[in-house]
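Notes for the one structure printed next.
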Amino acid sequence: MLEQINSPYDLKKLDIKDLPRLSEEIRQFIVEKVSKTGGHLASNLGIVELTLALHYVFNSPVDKIIWDVGHQCYVHKMITGRRDKFDTLRQFNGLSGYTKRTESIHDIFGAGHSSTSLSAALGIATARDLKGEKYHVIAVIGDGALTGGMALEALNNIGRSRKDVIVILNHNEMSISENVGSLSLYLSKLRTDPTYNKVKQEIDNLLNIIPPIGKSLHKYIEKIKDSIKQLVVPGMFFEELGFTYLGPIDGHNVEELIEVLERSKKMKGPLLIHVVTKKGKGYMFAEKRPDKFHSAAPFDIETGKFVGEGKDSYSDVFGKTLAEMALKDEKIVAITAAMPEGTGLIHFAKLIPDRFFDVGIAEQHATTFAAGLAVEGYKPYFAVYSTFLQRAYDQVIHDVCIQKLPVVFAVDRAGIVGEDGETHQGVFDISFLRAIPNIAIMSPKDANELVEMVKLSRNLDFPVAIRYPRGKAGEYDISRKPSFPLGKGEVLLEGEKIAVFALGRMVSKSIDAAEILKGHGINPFVVNLRFVKPLDEELILEISNKVDLVVTVEDNVIAGGVGSAILELLNDKKVYRPVLRLGFPDKFIEHGDVESLFKKYGLDSQSIADTILQRYKEMRGS
């Protein structure tokens with residue numbers, strides 16, 4: 001049946017009775033494809049019926065369906081003509097794992113970060129009304145994303161606007177008992193009936209025109225009605241914001257979903273439809289551990305085991321090191337914004353739960369929460385992906401750095417992350433953090449250096465950012481102690497004529513590039529910078545004065561990066577040397593495997609060597 005579906009129009013040809021069977025085919029397809037490519041499995045398995053119902057009832061792309069975060073869009077992509085591209089999901093030059101406006105007219109709004117859909121939906125609905133057009137605007141948002149402050153701001157604004165916006169709350173974490181669910185479903189059916197709403201309004205009008213008893217009676221009835229609703233309707237919060245609340249609805253009963261969505265099309269004003277789904281539905285391992293299969297690496301379908309499972313990542317190295325430190329130091333606390341597994345803080349959470357804080361999708365709050373802890377003498381470590389730290393930039397400046405509070409930002413997924421693409425590449429953090437006074441920025445060349453930097457940060461009494469990449473870490477010794485002070489780099493290879501200053505994971509690539517250059521008779525210095533701020537100015541100036549060409553290599557955009565910092569230093573100190581800065585260009589970096597992206601942008605070892613060799617030859621006129 002799935003083979004027949006290449007557009008929403010094809011889906012609408014099916015009988016409703018056929019949709020449950022189609023749902024199962026889709027789940028099998030998703031498990032098979034994601035097991036090979038990796039991707040967001042659990043959330044997509046949980047939203048199959050809801051996606052089918054949305055495309056069955058509404059007319060995309062005339063009606064605008066907006067997916068919050070975008071990672072649960074696989075079924076949407078299949079229905080809208082991209083099923084044949086799923087072998088390339090998240091691969092270099094392949095299908096994006098998120099909604100992307102350049103990929104399809106059905107992807108109304110691009111996403112990757114959470115809590116943005118409601119604001120976008122209100123903007124689109126407002127534009128619709130200003131232009132005098134007629135179509136439906138639907139935003140699909142999960143209960144996790146609803147914890148984001150931006151989503152709550154938008155809910156407040158939508159309710160106040162009274163505009164026709166349909167919000168689908170995909171509630172996939174809590175089961176709702178059957179009696180409450182049945183009662184709520186009954187109330188939803190009643191309240192979605194246009195006849196009921198018309199009668200309700202007529203009764204309200206009638207009560208209001210009987211003075212003075214009418215008004216007081218109306219008030220009394222409203223009090224009774226509100227009291228009853230508080231007892232039996234879980235959506236009172238949304239009602240108070242100005243929404244008509246419908247639900248909860250069984251998110252895996254496609255016929256009920258279609259019925260409610262059809263009724264909702266006829267209603268006016270802001271609507272919130274509460275849909276209950278199960279993450280990972282249909283695949284046993286994902287149902288048991290939806291957190292593990294949220295963003296999954298390739299895996300074995302039969303066993304549920306991931307390819308390469310068992311090796312520690314940089315996140316694990318950080319998490320285990322911090323947990324070991326905290327066992328001996330009661331002032332250390334750990335904070336995550338809904339990413340305990342991804343950031344490696346799960347190790348800390350298990351050992352020291354009373355000093356572990358998961359604040360939900362709330363990076364702004366997490367940062368200022370950390371600042372408050374620091375004011376009272378604690379040492380907070382906020383582990384956050386580089387791309388999500390962007391969301392707390394004002395708090396980093398205003399609440400942490402201006403007050404010079406000793407908060408440590410463990411900046412995970414720094415640099416290129418690969419398959420998640422433009423919205424997740426961590427290639428801006430050096431640039432946006434380097435401009436802020438009072439903060440130290442460091443980046444380890446390997447896992448052992450990460451252990452040392454985490455321990456070094458403990459006794460620094462000002463803000464610190466430690467940036468490290470996604471990926472496996474290699475061997476490391478968690479008992480290591482810091483072997484270098486703040487702001488001190490190291491010379492890894494002595495050389496002549498050319499100096500290569502590298503940061504973080506680009507150090508190993510620079511060493512490999514130096515070996516290639518030796519084959520051309522060139523022996524460059526290779527320096528592990530370790531620190532972006534403060535720079536090891538003494539070492540940089542000493543080496544730069546010995547060479548004809550200075551090269552910087554970083555896993556960050558060139559604009560404002562560590563190469564810019566070194567160029568500024570040399571200029572200020574009147575050391576006039578040509579500086580070749582290698583990093584990412586002034587563009588958003590697409591999705592693909594990390595090594596393919598490094599090669600495309602000239603940051604693999606061979607490309608680094610080739611670029612240096614070419615520039616050196618140009619300088620010599622040969």
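One is the number of the first residue shown, and numbering goes on along the chain from there.
Just so you know, glycine gets a Cβ as well, placed from its N, Cα and C.
In the three-state DSSP classification, HIS113 (thiamine diphosphate binding site) falls within coil. Sequence annotations record features per position, and here Swiss-Prot assigns thiamine diphosphate binding site to HIS71, GLY112, HIS113, SER114, GLY144, ALA145, ASN172, TYR283, GLU363 based on sequence analysis.
Annotation note: ASN172 (thiamine diphosphate binding site) sits in a coil segment as assigned by DSSP. Residues or ranges marked as Mg(2+) binding site by Swiss-Prot on the basis of sequence analysis: ASP143, ASN172.
According to DSSP, HIS71 (thiamine diphosphate binding site) is assigned to coil rather than to any helix or strand. Over all protein chains present, the Cβ of HIS113 (thiamine diphosphate binding site) has 21 other Cβ atoms lying within 10 Å. The binding-site residues examined here are ASP143, GLU363; by Cβ neighbour count within 10 Å, the least packed of them is ASP143. If you compare every pair of Cα atoms in HIS71, GLY112, HIS113, SER114, GLY144, ALA145, ASN172, TYR283, GLU363, the residues listed for thiamine diphosphate, the longest distance is 32 angstrom.
Note: the CA-CA distance between ASP143 (Mg(2+) binding site) and ASN172 (thiamine diphosphate binding site) rounds to 7 Å. All protein chains considered, the CB of ASN172 (thiamine diphosphate binding site) has 22 other CB atoms within 10 Å. Take the CB of HIS71 (thiamine diphosphate binding site) and look out to 10 A: across all protein chains shown you find 24 other CB atoms.
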